[in-house]
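Peer 1: Feature annotation from TrEMBL assigns GTP binding site to 42-47, 151-152, 176-182, 201-205, 270-273, 331. As annotated by TrEMBL, Mg(2+) binding site applies to 46, 182. Positions annotated as coiled coil by TrEMBL: 12-39.
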């Protein structure tokens, strides 16, 4: 007697194969996300990356890693004072105390701190300290929008008592404030909520942007960083161009780029602390002459945010509205940035599921 063989339902078999394929894709999508970090130079992108290391590596930077930043910190401090001294000449601002001229000569003679210079010479530290306390130098500092000066200048110059100590060890905050121009492509990975994120940071200066296209493949989300306090500043590369206008145009081109049609889009309006402080002295009308609101934090911030968000003209994907996720940030505030990273990680994982047709 021949055995009876009942054929399987082909539709059930097909459904099973589809479900297995979807599950494999779900696991693959959830295993790693590629985040592209873009923005104009000095927007704070590299600070965002350093903050991620502090937050997602249990102890942040080790003592040995912090010590490796000492030459950068010393260089940033000296270069900041040099920028002020050079601006004093151009703006015709005099020292209150003529003895400061000798201190200025000391700083000028140590303009180039070697990359392995782990101790700030006492004579240089004392000279910078004396200069920073001069009323003329302070007057020039208050006019920093008229020349190029690192955002970290006041932080380091106000910390000179610590920096000139022989056994000085940089803090996590000292490391966060360091400024090194990003050249090329820098990748950083971290894990959050059992999900791996690969951050690709590309230099923001105009000369570096031609390298961006090499990073566009397979991007899960773009984090675009723009500094709120740059509304009254000009580009270092071209002093005829306002930095915020440049950032707006750059964001428009990135936001609507065909390579990012399916990528999540996250906007960091960064340096809100410096923005709030600067509004006491200057108005966003410098950048937006049509602005008619109050020269206070909330209305000025809302107006700038609106200018950025209306640059996004992307269409829906799979019936879902292409949302732009905006965060008002201070990249040097670890606690606040942890909250932001938690929020965007949830969004990115959800975006992966939407693109897979699973969510």
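Glycine residues also receive a Cβ, built from the backbone N, Cα and C atoms like all the rest.
What TrEMBL says about a protein is an automatic prediction, not a curated fact.
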Peer 1: Around residue 331 (GTP binding site), how many other C-beta atoms are within 10 angstroms of its C-beta?
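Peer 2: So the Cβ neighbour count for residue 331 (GTP binding site) comes to 26.
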Peer 1: Under 8 Å Cβ to Cβ from residue 176 (GTP binding site), same chain, six or more residues apart: give me those in sequence order, or none if nothing qualifies.
Peer 2: 47, 50, 51, 54, 331, 332, 334
Peer 1: Give the helix, strand or coil assignment DSSP yields for residue 331 (GTP binding site).
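Peer 2: Assignment for residue 331 (GTP binding site) reads coil.
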Peer 1: Taking the Cβ of residue 42 (GTP binding site) as the centre, count every other Cβ atom within 10 Å, in any protein chain shown.
Peer 2: 22
Peer 1: Quick one: average pLDDT across the coiled coil (12-39), no decimals.
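Peer 2: PLDDT averaged over the stretch: 69.
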Peer 1: For a quick check of understanding: among the binding-site residues 180, 202, which residue's Cβ has the most other Cβ atoms within 10 Å?
Peer 2: 202
Peer 1: Just to be sure I understand the packing, how many Cβ atoms besides its own are within 10 Å of the Cβ of residue 46 (GTP binding site)?
Peer 2: 23
